[in-house]
Amino acid sequence: MSHPSLHPLAGYGWDADWEAAFAPHAERGLVPGRVIRVDRGLCDVVTADGVVRADTEFVVPRDPLKVVCTGDWAAVDPEDHDPRYVRALLPRRTAFARSTSSRRSEGQVLAANVDHTLIAVSLGAELDLGRVERFLALAWTGGAQPLVVLTKADLVPDPATVDHLVADTELSAPGAQVLPVSAATGDGVDVLAAVLAGGTSVLLGQSGAGKSTLANALLGTEAQAVRAVRDGDGKGRHTTTTRDLLPLPAARGGGVLIDTPGLRGVGLWDAEDGVGQAFSEIEALAQRCRFDDCAHQAEPGCAVLAAVEDGSLPERRLTSYRKLLRENARLAARTDARLRSEQKQLYKQRAALGRHMMERKRGGGRHSGW
Ligand SMILES: Nc1nc2c(ncn2[C@@H]2O[C@H](COP(=O)(O)OP(=O)(O)OP(=O)(O)O)[C@@H](O)[C@H]2O)c(=O)[nH]1
Ligand SMILES: [Zn+2]
């Protein structure tokens, strides 16, 4: 199999690097597959022979961030049992995780091995750049390349206005491409499909931003049939036709789209590392501030404030940056509170242990060190 592009799983993102990573498992006689859906200890895995059910019992980790997730590459049993077993997961390239607000160190992976994060933003409403920035910070944290898709472009009749909105968004999205698209007219869909070709994409965005419509436009007619099945069977479980990972049409270059309910309900995310990347131009300016710990408030020699002053940095950007940093600090403080209470427990246990040891010592035992 020296031509991974001819591999039956190539359409699902299988490449030479995955093949190399899989080699030890292949030696054990296991077969590779990509997880297209996870459901309570079982998952659906697409293999060269089609979709199989597999039990994840043997790959249950202690770390919730390593739980089998849609998008993972798995090594499964070759036998035709139902279900088979997932024996190992290949190390992830990227992982889209969410931390539940109350238990930050826990977290939950929503999608694995994602190449592109599409942030859908509707042009049918006033452009909320603050929201775009927030999603970008989240996207950068996931490790995939973000892309802002301005949806419903047909609702802005004047092309010059669309150009302006794109330019405005670009200023708020350093390092990310911004594409106007209309699923209604099809404008921009081919351009977008070409960007996503061959990779794994996820769609983020507010409710009503046009994610489903865009997904359908990208997926073509097959997906609509799949969705009809999903809608029709109520809970949408236990049929291999419901999947959270769908192949994009080969005619447009292929790739896959992951659309999980968890990604849909994106709320509080841990965007810690992402904020810096979402505001990379500000962080670059900050390198030139006179003081290393410059807060860009009123310090002399502040390069960030100077850029606001001379108009090269929109003040709105600095305000957004501060707001997101503050939000993260609040999240971090909450974590600290939890850590602190855990520490307290630990100290209590130690103190109790210390007392116990002291008593044993006093009781005549020859224990040293305590
Ligand atoms: N004019 C126009 N309307 C669109 C376009 N894409 C989506 N819409 C409309 O926008 C509304 C919301 O679209 P959805 O695709 O359901 O949005 P969503 O982001 O999936 O929403 P949730 O499922 O709530 O997350 C629907 O009424 C769509 O018909 C478009 O390209 N042009
Ligand atoms: Zn400064």
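Counting starts with 1 at the first residue shown.
Yeah, the Cβs are placed from backbone N, Cα and C, and that goes for glycine too.
Look at TrEMBL and you will find 104-266 tagged as domain 'CP-type G'.
What TrEMBL records for 112-264 is domain 'EngC GTPase'.
Around the Cβ of A153 (GTP binding site), 25 further Cβ atoms fall within 10 Å across all displayed protein chains. Annotated GTP binding site per TrEMBL: T151, K152, A153, D154, G205, Q206, S207, G208, A209, G210, K211, S212, T213, in sequence order.
Over all protein chains present, the Cβ of C294 (Zn(2+) binding site) has 18 other Cβ atoms lying within 10 Å. Sequence annotations record features per position, and here TrEMBL assigns Zn(2+) binding site to C289, C294, H296, C302.
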For this session: Can you grab the distance from C302 (Zn(2+) binding site) over to A209 (GTP binding site)? Cα atoms, rounded to a whole Å.
Result: 38
For this session: Going by Cα-Cα distance, pick out whichever of the binding-site residues C289, C294, H296 is nearest to G205 (GTP binding site).
Result: H296
Exercise. Within the set A153, G205, A209, which binding-site residues show a CB-to-ligand 2 distance under 6 A?
Worked result: none
For this session: Starting from the Cβ of A209 (GTP binding site), draw a 10 Å sphere and report how many other Cβ atoms land inside it.
Result: 24
For this session: Check C302 (Zn(2+) binding site) against DSSP and tell me helix, strand or coil, would you?
Result: coil
